[in-house]
Amino acid sequence: MAGYTKLFCALTVFLSASANGFYLPGVAPTSYNEGDAVQLSVNHITPSLMKADEDSATFLYSFDYYFERFHFCVPEEGKQKQSESLGSILFGDRIFNSPFELKLLQNTTCNKLCTVTYPAEDASFVNKYIRAGFQFNMMIDGLPVAKELMDSQTDDIFYSSGFNIGYDDKENLPHLYNHYDFFIEYHPRSDGSYRVVGATVDATSIQYIDPDEINCNAEVFEPVRLKEDEQTDVTFSYSVYWVPSDTAWATRWDKYLHVYDPKIQWFALLNFSLIVVFLSIIMSHILLKTLRNDIKKYNEVNLDDDMIDEMGWKLIYGDVFRPPKNPMLLSVLVGSGVQILLMALTSCFLAAFGLLSPSNRGSLATVMFVLYSLYGLIGSYYSAYVYKFFQGQDWKINMFLTPVLVPGTIFSIFILINFFLISVHSSGAVPAGTMLAVFLIWFAVSIPYSCIGSLLALKKKAIELPVKVNQIARQIPPQPWYMRTRYLALIAGIFPFGAIAIEMYFIYNSIWFNRIFYMFGFLFFCFLLMLVTCMLVTLSLIYFSLCNENYNWQWKSFFVSSGIAIYVFLHAIILSRLKLGGLTSIVLYVGYSMLIAATVGIMCGTVGFLSSMYLTLNIYGQIKVD
Ligand SMILES: *[C@@H]1O[C@H](CO)[C@@H](O)[C@H](O)[C@H]1NC(C)=O
């Protein structure tokens, strides 16, 4: 028991250390002098978890800040898009300049921005998204402008990035926030310059009586109500307060990365993970011992006729390496699986050790994309290698299909989803130029790399089969119903899914509601746990299947192991409890859930297949066959 507690502590320390290591500076700090202009930029308007109206539908797509139906004030010099990394664009960032003027250390109050007129139909448009809880995402010096919140369990103050565009009052009437009080925290440095270390906002809704004489500090005022049957004039205004702070630049992200979710029982979660680790160790131990005993027994016994009935997996040695049906597809899937798996592991590892900071927007996505292209080499290598193991002859088709099939399918789904996004004028729609860039990078980097990989594998000698394949296929005896692949997949999927279920919840929040995802240390740990459980469960089931004299292990191991995809998809669909608004949100949700489930399925299937391949090559290599 003491050992268990120690292990638990060590693990907690490791996880929190890797979480703290996260904000190594991703970008160089900017120092300002008093009176310097500090730019406030505006990012897209996104859905959030904080709905104004609980019963309102959830929308999953975002809008440009300057989308015309919102009528937000445009800067005098005109709106300008800021250049962003590829990853940042792909993940939806659309950053523009803003009309807000901020000068370091100069408090200004009640600055008027502009007065706009909302026609009735745009008023109902804005009201709809106020109800759905859409929020602004503004940025100052790379930091998100946040709402200050309090953790009800620990009373810690933390920052939740973004703030709602409006609120619902007690009568369920939506009101638009048109006045923003920015509180910018600065940290004075010894050389007399200053750094921005935090930014929060208080938004209010004020119906100004005279747009030329705005008094944003009035004690009593009417909130803005956008009328859905006539025009409404709204004046926007803001105040800026500079607040000194002790927070150093290096730790300025701390408050933003507060883990706040009362639903998550961390302790129980860690306990569960440890139980899984523990069970995995026992299971691998038993499996190894059984196999060793089997091999020892087989090599001692002379092949007496009456012994044959009890021989188990040795009986099928002449068929176990018989190529499966559709060897091409399986090898291509395994190649893609290796590629995705390596990409996911590496980027998760880099993120866990703080190399991809949240201040460097989109770095994670960019790194994922680049890694994926580069790993095409290893993916294709494995694809060709496995294809050769299946004694396939059409290596040219294999070389072509590996970099095309899976990425091409993903890309097509992406384009399809994009059309839906365009139809609702969402900013999430990836611009044609970026699509083209992605396509070209894929062509220019991924495909040549893949070809090199395939050729390397072809040069290599094929795996030497430890036993010869018989001319005539052996008949497979009738199998019990529960040994069917689909039932085994259902059984095998549960355990690895348990390892990542919690992580999926956070990943979905970050995908759909623009939450910062930062628990990469924990994700990395869960990810490894998932792979190990996948492997062990699949190996055990394949062992039983071989003992039942069923030598079709190739597809079986892939499918059984990818059973986790079923749970990932069902979890997304059933447990989401989202009331989705409109066809586009549904298509987005189902489409992305399917993509995620399929990706996880291919990764796990690959792990299951490769480990079963290793198992069969090993055990049949160790028995004596005459
Ligand atoms: C600006 O306002 C903040 C918040 O009210 C206050 O703490 C600070 O002292 C003010 N700064 C100046 C220079 O007046």
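Placement of Cβ uses the backbone N, Cα and C atoms for every residue, glycine included.
According to TrEMBL, the protein carries these features:
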type: SIGNAL; residues: 1-21; note: signal peptide
type: TRANSMEM; residues: 266-288; note: transmembrane segment
type: TRANSMEM; residues: 329-356; note: transmembrane segment
type: TRANSMEM; residues: 362-387; note: transmembrane segment
type: TRANSMEM; residues: 399-422; note: transmembrane segment
type: TRANSMEM; residues: 434-458; note: transmembrane segment
type: TRANSMEM; residues: 487-508; note: transmembrane segment
type: TRANSMEM; residues: 520-546; note: transmembrane segment
type: TRANSMEM; residues: 558-580; note: transmembrane segment
type: TRANSMEM; residues: 586-610; note: transmembrane segment
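When Cβ-Cβ distances below 8 Å are used as the criterion, the transmembrane segment (487-508) is approached by residues 264, 269, 272-273, 276, 481, 515, 517, 519, 522-523, 526-527, 529-531, 533-534, 537-538, 541, 545, 556, 559-568, 571-572, 576, 596, 600, 604, 608 of the same chain, each at least six residues removed from its ends.
Non-local neighbours of the transmembrane segment (399-422) in the same chain are 61, 328, 331-333, 335-336, 340, 376, 379-380, 383-384, 428-430, 435, 438-439, 442, 446-447, 450-451, 454-455, 583-584, 587-588, 591-592, 594-595, 602; each lies 6+ residues outside the stretch with a CB under 8 Å from one of its CB atoms. Against the transmembrane segment (266-288), stretch 520-546 has more CB pairs under 8 A than any other of 329-356, 362-387, 520-546, 586-610. Counting same-chain residues at least six beyond the ends of the transmembrane segment (558-580), those with a Cβ under 8 angstroms from any Cβ of the stretch are 55-60, 330, 333-334, 485-486, 488-494, 496-497, 500-501, 504, 508, 530, 534-535, 537-538, 541-542, 586, 589-590, 593-594, 596-598, 600-602, 604-609. Taking every listed stretch (329-356, 362-387, 520-546) in turn, the largest tally of C-beta pairs under 8 A with the transmembrane segment (586-610) is reached by 329-356.
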